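Participant: Here it is, the structure, as C-alpha cells.
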Amino acid sequence: MASCVGSRTLSKDDVNYRMHFRMINEQQVEDITIDFFYRPHTITLLSFTIVSLMYFAFTRDDSVPEDNIWRGILSVIFFFLIISVLAFPNGPFTRPHPALWRMVFGLSVLYFLFLVFLLFLNFEQVKSLMYWLDPNLRYATREADIMEYAVNCHVITWERIVSHFDIFAFGHFWGWAMKALLIRSYGLCWTISITWELTELFFMHLLPNFAECWWDQVILDILLCNGGGIWLGMVVCRFLEMRTYHWASFKDIHTTTGKIKRAVLQFTPASWTYVRWFDPKSSFQRVAGVYLFMIIWQLTELNTFFLKHIFVFQASHPLSWCRILFIGCITAPTVRQYYAYLTDTQCKRVGTQCWVFGVIGFLEAIVCIKFGQDLFSKTQILYVVFWLLCVAFTTFLCLYGMVWYAEHYGHREKTYSECEDGTPEISWHHGKGSKGSEDSPPKHSSNNESHSSRRRNRHSKSKVTNGVGKK
C-alpha cells in the first residue's frame, strides 16, 4: 500500500510545472474582498437556465421560421457562455472579473467551431449565410473595384496629405497603441510595423489595396500612425510599471468617493509585468519562437484583408470591425501565455487561449485559400519565399538590436517581476534560468527582491492604495 501511495506522489518539478501552468491558464484571484462576486453560483445558474428555457420555449411566437433560427442561434451562444463561466479556465487575467475572460475564451471556442463548420460548405452556401445575416451584402462591392491606389504619387500637396487622415488613420494609431500595451517592447513593435509594410509589398499582386505611395507608407503609416501609437502605448506601459500596486478591501474604504474610485479601478490591471523578449544569451529556441510569433501576427493581419476581399464586404461592415475587436480581445491573454511559454523554464506547454488563437489564425487562412482559389492561383511563390526570408532577416536584426541595447544599457535598468505580483511565472529571472537562454545569471534571481524594491523606491511615481492614487 505504501509503495502504491508513493508512486502517486508528484515530484517537485511536476508540482512546479503544474503551478506555473496554472498561473497562466487558471489565474487565481487573491485578496477577495467581496465574496459574493467570486463564490460559485452553480445551482443558481442551473435554475436560471431551466426557467429561462421553459419560458422562451412555451411563450414566444414561433410562426416566423427565420426568426426561430436567429433566436435559436443567439440562445445557443448565450447558454454556451454560461457553460464557459462554469467550466472554462480564467486565463492569465482576473480583472475586472475572471468570468469575463472565461466568456472571451468561450467566444473564441465558438468562433473556432464556426470556422470548422465553414470548411464543409461551398462558396454559394457561405454567401447565402452572409445574405441571411445581412441582405445588403448582396449589393456589396470590393473596395479594389471602385477605388484607385498609388496614383500620381509624385504629386505631394498638403491637402492630399491631410485627406489621408481619416477614420482608418485613427484606427491605425489606436490599434498600435493597443499592440504596444500587449507586446511591451519598442524593438518588437517597430519590427512588426516595418515587417507589415513589407508584407503589403509582397502581397500587393493579390490585394490591390495594398498599393500605396511611398510617402503614405513611410511617413503616414510607419512614422506617424504606427510610430505615434507605439510611443503612446509604451508611455502607458512605463507608467504602469512604475506604480506600486496595493489593493485594499471595499470594506476598508469608508467614503463614497473612495468606493467609487475603487470600483472604477477594478477595470485596471491588478499588476503590471516588465517583459523582456530577448536576452544577450538568447538561444536559437527563443529566436525561433519570436519568429513564429511574428509570422502568426502577420498571418492574422493578412486574414483581415483576405476575408473581406474574398467574401466581399467593406472594412466598415460589422463583419470586419467586430472580428477585429474580437481578435484584439483574445490576443491579450494569448500574448501573455505565449510570452510565459517562451521565457519560463517551468512552463512547458502553451495556455489554452494561446492554442485556440493559433488554430483560429490557421483556420482563417485555410478558409481563405479554399474559397479564394481563383485569387490564390495568381500567387507568385517567389514573393512568398522572399516575404518569409524578410521576416526572418528583420527578426534577426531585431534580436541584434535588442541584444546590443541590453549589453550597453541594460545594466542601468534592472529587470523585475510584477510589483507585489502573484504571477512569478513570467518574470525574467528564475532559479534555473529562462527558457531559450543558454545561461541566465543566478545572482540576479537571488537578489531579485532587493533590485525590485530599490527600483520602486527610486522610480515609483504613485502608489495605488485603497483605490486612490497618492503622490
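Numbers run from 1 along the shown chain.
Here the Cβ of each residue, glycine as well, is placed from N, Cα and C on the backbone.
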Participant: If you check the topology given in Swiss-Prot, are Ile69 and Val155 found on the same side of the membrane?
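Facilitator: In Swiss-Prot, Ile69 shares its side of the membrane with Val155.
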Participant: Over the topological domain 'Lumenal' (57-72), what is the model's mean pLDDT?
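Facilitator: Value for the topological domain 'Lumenal' (57-72), mean pLDDT as a whole number: 84.
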Participant: Count up the helix, strand and coil residues in the topological domain 'Lumenal' (124-160) according to DSSP, in that order.
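Facilitator: Breakdown, helix to coil: 22 helix, 0 strand, 15 coil.
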Participant: Which one of these stretches, 73-93, 103-123, 217-237, 287-307, 310-330, has the most C-beta pairs shorter than 8 Å to the transmembrane segment (161-181)?
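Facilitator: If we count Cβ pairs closer than 8 Å to the transmembrane segment (161-181), 217-237 scores highest.
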Participant: Residue counts in helix (H, G, I), strand (E, B) and coil for the topological domain 'Cytoplasmic' (331-355), per DSSP?
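Facilitator: Breakdown, helix to coil: 17 helix, 1 strand, 7 coil.
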Participant: Determine which residues of the chain contact the transmembrane segment (103-123) at the Cβ level, with the cut-off under 8 Å and only residues 6 or more beyond its ends counted.
Facilitator: 77, 80-81, 83-85, 88-89, 91, 129, 326, 329-330, 333, 352-353, 356-357, 359-360, 363-364, 366-367, 370-371
